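A.B. asks: Reproduced below are the annotations present in TrEMBL:
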- 1-385: domain 'Major facilitator superfamily (MFS) profile' (DOMAIN)
- 25-49: transmembrane segment (TRANSMEM)
- 61-83: transmembrane segment (TRANSMEM)
- 89-110: transmembrane segment (TRANSMEM)
- 243-265: transmembrane segment (TRANSMEM)
- 272-289: transmembrane segment (TRANSMEM)
- 331-356: transmembrane segment (TRANSMEM)
- 362-380: transmembrane segment (TRANSMEM)
Amino acid sequence: MEGGFLTISIVTSGAGFLSTFSPNYLSLVILRGFVGFGLGGTSVFLSWFLEFVPASSRGMWMIVFSTFWTFGSIFEATLVWIVMAKLNWRWVLALSSVPSFVLLFLYGVAPESPRYLCMKGRTGDALRILEKIASVNRTKLPAGVLISSRSTDKAEESTPSEDRIPLLPSLSKSSMQSKLGLSSFFMLFSSKLIKTTALLWVLLFGDSFSYYGIILLTSKLSSGESGCFPTIQSSGYLLGDSLYVNAFITSIAELPGLFLSALLVDRVGRKQTMSIMFGLAFIFLLPLLTRQSAVLTTCLLFGARMNAMATFTVASIYAPELYPTSVRTTGAGVASAVGRIGGMVCPLVSVALVNACHQTEAIAIYLAVIVVSLVCIQLFPYDTKGRELSDTAS
């Protein structure tokens with residue numbers, strides 16, 4: 001996974017900084033596209049961090065980890081708000097690339113996942129990392145021998161003894177044969193993973209469609225461009241005239257939802273947390289089927305965004321937990337990519353329908369997508385609350 005770290009850091013920081021010097025609009029679009037390409041690999045970070053956290057509190061810590069995405073949005077809105085008042089957009093892009101350069105320096109100290117190393121047969125490297133982790137935490141590793149897939153067959157032939165307790169789950173022989181016969185991508189469509197893959201794709205598509213759609217809908221109604229419904233701008237005292245202030249406030253609106261999901265995810269489980277948060281988003285959107293006042297519209301959209309973000313975050317955590325180590329990053333990454341298609345399609349709803357004075361139809365589509373997503377959540381075969389990560393597809 002370290003290679004993924006390095007690639008993401010180089011592409012994101014390099015393209016982000018070079019876009020500062022874009023001589024024309026086309027080059028700016030191309031370079032920002034590369035930035036988006038780099039950011040698309042963030043599923044690597046989720047899968048990596050996931051493999052270090054104990055099962056008992058994994059959900060909460062994964063949400064805490066994901067919350068930094070929202071903090072980044074708040075930071076960016078603040079940066080633009082301050083810099084654009086005195087300088088220009090080139091300075092905004094240059095300063096925005098700084099965190100990605102910091103990531104390059106952290107690459108050297110980020111350890112590889114011991115679980116991943118063990119799966120690859122590099123038990124010596126895995127053991128050194130585990131010993132370093134134990135040393136930092138002022139404790140000792142449990143007694144036993146760290147085994148990998150390469151020693152599984154021998155272990156199965158002999159009777160297990162007390163001093164041969166594996167520190168990590170081992171890979172089965174059938175799993176190794178499947179890995180040799182199929183690439184990681186095509187393993188996602190194997191008989192044991194096809195249902196999970198299909199449900200995840202639909203769920204993350206619905207999450208992305210709803211979350212980014214609500215953001216665009218908020219912006220559209222805030223701008224007052226539709227001219228069909230009461231807008232946030234029409235009550236100017238609420239958010240002011242600054243686009244940057246609006247972005248700052250709406251980003252902060254996500255934090256309560258993340259806090260609530262962090263409290264629920266390890267208590268009621270991933271599936272129930274997503275169901276609760278998506279259900280609340282549905283309730284917040286439902287009154288918008290009819291014409292509401294500007295203040296109420298704003299509050300309802302903030303509530304919907306808060307819960308949609310929480311559901312999106314829990315789903316992003318749930319995805320890598322469902323896949324075995326051998327295809328975890330691939331499965332979560334592909335599902336995330338499919339989900340982004342929802343973010344690409346939603347402007348057709350938020351912008352086109354609202355511009356044509358069809359807000360009711362736009363809201364109805366969002367509600368329908370949420371219902372389909374809720375059905376998918378119930379169809380997942382199991383919840384991952386408190387479960388150890390799997391190394392096999394069984």
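Placement of Cβ uses the backbone N, Cα and C atoms for every residue, glycine included.
Keep in mind that TrEMBL annotations are predicted by a computer and have not been checked by a curator.
Remember, it's a predicted structure, so these values are computed and weren't measured experimentally.
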A.B. asks: Could you check if the transmembrane segment (89-110) is in contact with the transmembrane segment (243-265), meaning 3+ Cβ pairs under 8 Å among residue pairs at least 6 apart in sequence?
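C.D. replies: In this chain the transmembrane segment (89-110) does not contact the transmembrane segment (243-265) - fewer than 3 Cβ pairs sit under 8 Å.
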A.B. asks: Using a Cβ cut-off of under 8 Å, list the residues of the same chain at least 6 residues beyond the transmembrane segment (61-83) that approach it.
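C.D. replies: Hits for the transmembrane segment (61-83): 46, 49-50, 53, 91-92, 95-96, 99, 242, 244-245, 247-248, 251-252, 254-255, 258, 261-262, 265, 309, 313-314, 316-317.
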